[in-house]
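Beneath this line is the structure, given in structure tokens, with notes to follow.
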Amino acid sequence: MLKLIKIEIEGFKSFADPISINFDGSVVGIVGPNGSGKSNINDAIRWVLGEQSAKQLRGLNMDDVIFAGSKTVKPQEKAMVKLTFKNEDAIEETKQIFTISRLLKRGQGTNEYFYNDQPVRYKDIKNLAVESGISKSSLAIISQGTISEIAEATPEQRKAVIEEAAGTSKYKLDKEEAQKKLIRTNDAIDKLQGAIKELERQVNSLDKQASKAKIYLEKSKALESVEVGLIVNDLNFFNEKLNNLNTSLLEVEQQRNDLELNIQTYESSISQTVHFKTEVESSIQEITSKLDNLKNALSEINLQEARIEERRKLIISGEIVVDQKTKIEEIKKQVESLKIQINASKQREIELDQQLTRLNAKANSLKLQENDINKEIGVLLEKKSAAAANINILKQQFENKSFLSKGIKTIKDNSFLFDGYIGLASELFKVESEFSLAIETVLGAALNQIVMKTSEDVLQAIDFLKKNLSGKATFIPLTSIKEREVREDHLLVLKGQKGFLGVAKELIEFDTQFNKLFGFLLGNILVVDNVDNANRIAKILDHKYTIVSLEGDLFRPGGTITGGSKLERTSILNYDIKIKEHTNTLKFAEDQIHDLKIKQQTIYNEIETVNSTIQQVKIEANSINSKLNILNEELNNLKLNASEIFKEQQEDQESLNLSFDSEKLNIEKQISTLTIELNSKKDRLTNLISEQGKGETKKQELDAKLRKLNTQHSDSITEQNRAKFLVEQNQKRLSEHYKLTLEAASEQYSLDLDIEQARHFVDSLKKELKELGNVNLEAITEFEEVNQRYQEKKQYIEELTTAKSKIEEAISDLDKIIINKTTEIVNLVNNEFNMVFQKMFGGGKAEIHFTDKNDILNSGVEISAQPPGKTIKNLRLFSGGEKAIIAISLLFAILKARPIPLCILDEVEAALDESNVIRYVEFLKLLKENTQFLIITHRSGTMSRVDQLLGVTMQKRGVTSIFSVELSKAKEMLKDELK
């Protein structure tokens, strides 16, 4: 027999102080005034045995079982109840003693259970209670309300008490669990059948798709084996063609530059010829003018001769009478007038000579300037040619990316494969030339590191490099890096330092989306003007930061210094700078050539103007000289007095004629000489025109060659672009479709077929693949996965069907056990019930029976009772006391038929009269050998017959105390209730 030997309570309900109750007898009475906390002992035992309902413990929530405090005692923070049991059936040496306990802390809402002070689960306590028969069942804890419930219960409700006695609770729980499993199994089978039907439809569809996909893959594999080799062949061909075109373009560029130099030389020569032609034309104009003047002078002489002859004839004939005095006066006036004209002519001649000298000097100066300009243009054309050649070389190197490592070049060439690709670090910012060396020095290899969005993108790129055996590359995933910065207090110190130019990040230009990137790369890098200031600032900051000078001297944290002469740099940044420098040189040369040609044309125009002015001055000077000679001659004639004139006119007529003859002869000689010179100049002009024509013809030939070269250059560029496009298309096909680089493809594939055969084979396979239409390549994997799920679910539904059969079989077995045990207990109880009933009533008869013997599982249990001298059979018609005795008799019959270790009776005899109380207690004594009773009572008949009596009172208000008490003392305690 299992016996409760001790209960310990602390902080549970009214038990504020720790109490320990030892139970010495098999029937223990617990007495005390109403409200003293007797029933709290019942609640404490119910609670420790696993009661989960606060309502059953007369509270709103579980924290209500913790002592809430009183006016004199503060609240407790926890409730703990411990029950100690002893197994009396074991031999003395091995009698087992064990404890079960439960602990609840205020506000935590979690209960802790212990077995022998070791933490266990609620389930463990529940199982222990059920197995040992000390559970919180309706038989283990019986109150006055329980008695009424049994008496007033329906047959179905009453059957629950019988089933507890039968011990079918475990089997009913097992059955309920099995039924739940059966429902779940049926639900699972229903769901599986729907899923299997859908999977079967998918399997059939995917099977067709997978077959089509396999054909597609086979043809694709065959296509790949040839097309990749063909692409490699085409790429090699077009790359070689590109190299040849690049070389050809460089040669064409050089030829164009040479032709431009030759054309410039011819343009200069033609310009000089035009200049000489202008001079000759000017000379011809001058000679022609002189000839015209001489011819005019000759005509004048002939005219004078005619006038003199006419005058002579008139004088001889006496027709002219000369008034000497008047004539002299006229002559004087003419002389004065002629003198004024002569002086004016001489002055103008001097001015013209001076102007001519100045103009000749200016013409010479302009010719010298023209020569200098031609030399400058020649030098600039050479610079232009060199700059253009350098730009082409740099662009070719840049396009080939020869300065990048294999891994970086591979990723850059195939960047379109990676959604997270952003670019090389050097491509994402701009820097002024002043800071370029410093920034490039401090970044070093990081310039060519590849910036990606995430670390997953980096892993994808690394996998691509490994797969294609394309070397290594360093990556910067934006999501993984953290910005670096200079402390605010250090910045305040730096702002006042000589030579400090700024934080490197602030000296470059970049898109705001890369703020984190350049914070990571340059956020804590300081830029200083020279090495001395860098050294000084490094010491001030205790070598905490990397410092770089404009010359590229590097001071690293910790104190190391790197410096020396500049080396050739090979980054994209450097290529950009070099190309920009050469482009600027080319632009400057082109602008200078343009400006010089404008200046040269201005000089040409000015030379033309000067030559024209010189010609006009010379013509004017010749005219003045001729006029001056005539005036001087007239003046000399006028100086002769009238008589002398008259005399001379008569006497020297022949001499004057001779003078005119002499002058005419002289003029004719001059005309002859000038005519010869004029013819010579005309010949020279003809030669110059011919020379100019040849030069222009040659220039036109060179222009034609240049146009041809330009056309050739344009055609080569078009062909180059086409070749580049085809290279890009083939590389894209290779990368996107086959995930291969050219190097990897070259190593893995070779073309065994003739080129044309290969192209025909590829075209044919592509056509066949196209004819297949839309192909779901995932269908193969999907088919395997779906088919596997289909087979698994088919197998699972078979297992569930088997399990369902087993569950149904188990339920059937459990039903048999429940029926057998229930039938057995009803028979056993019936055997005891009539005997107990007769003892309690002093005769009569009673029995229990199923309401439906054909359906015991669902049948209720009815009580038939007939006390002595009465014929009443309906329980509802009995008095309250009679119903209580009938219910107690049934409970005692059950306990006798199926004893339990512990039974708590809470004022169950309250409705009995004193004689029946005595019968009630005496019968308990008959049961105490197999069951321990804790009786909460107010009845003296009960108190006087128990083995041990415990008193319950509240010595402190609101706090329950327990102690052993004698019967007389107990009656004293309960005198008010006994009245």
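Cβ atoms are placed via backbone N, Cα and C, with glycine included.
For P33, N34, G35, S36, G37, K38, S39, N40, the entry in Swiss-Prot reads ATP binding site. If you look up Swiss-Prot, you'll see 169-400, 572-716, 750-818 marked as coiled coil, on the strength of sequence analysis. As annotated by Swiss-Prot, domain 'SMC hinge' applies to 419-538.
Taken together, the residues in the coiled coil (750-818) have a mean pLDDT of 89 on the 0 to 100 scale. When each of the binding-site residues G35, G37 is scored by how many other Cβ atoms sit within 10 Å of its Cβ, G35 comes out lowest. Report note: the ATP site is defined by P33, N34, G35, S36, G37, K38, S39, N40, and the residues of the same chain whose CB lies within 8 Å of the CB centroid of those residues, excluding them, are S14, G32, V952, M954, T960. Within 10 Å of its Cβ, the residue among the binding-site residues N34, K38, S39 with the fewest other Cβ atoms is N34. With helix defined as DSSP H, G or I and strand as E or B, the domain 'SMC hinge' (419-538) counts 64 helix, 24 strand, 32 coil.
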